[in-house]
Amino acid sequence: MHSRIRTLVAAALTTTAAITGLTVAGGTAPATAATTPLTASTIRTAHTTDVFAGGLFVQPDSQAAQATAQLAAQGRTAEAAAARTIAQQPTAIWLGEWFTGAFLDRVIARNLAAAEAAGTTPVFVTYAVPNRDCGGYSAGGLSASEYATWNRQIAADLRGHRAVVLVEPDSLSHLSTCTSEAATRPALVAEAVSAYTAAGVPTYLDGGNENWNTVQQQAAVLQQAGIANARGFFTNVSNFYRVDGERAYAERLSALTGGAHYVIDVSRNGRGWLGTWCNPTGAGLGQAPHASAGTTGLDALLWVKTPGLSDGTCNGGPAAGTWYPSYAVALVTNAKR
């Protein structure tokens, strides 16, 4: 079962206007470079504590933080408390074709500046590959030439800074059924990885999840997409599978990709898979996101998906990407203890 990520697309589009006017220290200033960034030669071998130096970045103006303020102002105390619980945790920052040009630069600079002021590492997600989602729920993306330029721009913005990039969720896993892209997409992803690696930015590629492709299928496409030039891969993005199963799957995948490191999305897996990807009843928050001790291939447990955003108009939910107050309360109530 693969994930559906249309929530993130809708959420990014609905919050773009809110980000436009944000400033850093009185203006949209470039972020100050980190003092000890990684290099292309150290990305694969660096210790986890260097990749995620200072821990994970908590966005002060995340969608959960905005929901907290709005609900509190309306006197909806319980719903505001749930949103606040989510807002206090680090979540990934999604970048798609809705951020381009100078606007993209500003979004990245703002987040880098805030992360470096806090001494933490931001996690970015790129989501603009051509024919994204193969025309499905999250259809979109840039052209091939635009995509290459876009990734080079992000890499240039991140050069000299502490940051991690998760490259294109679902992009490689989809190729088992989206055969029209199989001949070109791995090369596009590999080109993006090369740009980030040259800039000293560690990347993780799409590793699917335990219930999608076989490890042999996933390893083959990861190799085509430049896994040897990346830090590793990610699993379970926007999905609900438990950590133990994902780790077992990831360890097998790592063994077939030269010992690649991996990260797992645990944002909503506190109760495991519940039979549907869309606002499943009974779902709960997973473990608090954190970097690992670095003694295994697991680099971090992350909240890549933002908990509390609706997956769509199913199970009582509002439109995809809209804050779903009662569902956020349920996620907190059902959280893994």
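Cβ from N, Cα, C; glycine included.
According to TrEMBL, the signal peptide annotation covers 1-33.
As annotated by TrEMBL, substrate binding site applies to W94, W212, N239, W277, K305. DSSP assigns W277 (substrate binding site) to coil, not to a helix or a strand.
The annotation active site is assigned in TrEMBL to D133.
Around D170 (active site, proton donor), a 10 Å sphere centred on its CB holds 24 further CB atoms from the protein chains shown. The active site, proton donor annotation in TrEMBL covers D170.
Packing around D311 (active site, proton acceptor) is summarised by its Cβ count: 27 other Cβ atoms lie within 10 angstroms of its Cβ, all protein chains included. As annotated by TrEMBL, active site, proton acceptor applies to D311.
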Residue, out of the binding-site residues W94, W277, whose Cβ gathers the largest set of other Cβ atoms within 10 Å: W94
Distance, D311 (active site, proton acceptor) to D133 (active site) (CA atoms, angstrom): 15
Around the Cβ of N239 (substrate binding site), the count of other Cβ atoms that are within 10 Å: 28
Where the record names W94, W212, N239, W277, K305 as binding substrate, the maximum Cα to Cα distance in Å: 23
Conformational class of W94 (substrate binding site) under the three-state DSSP mapping: strand
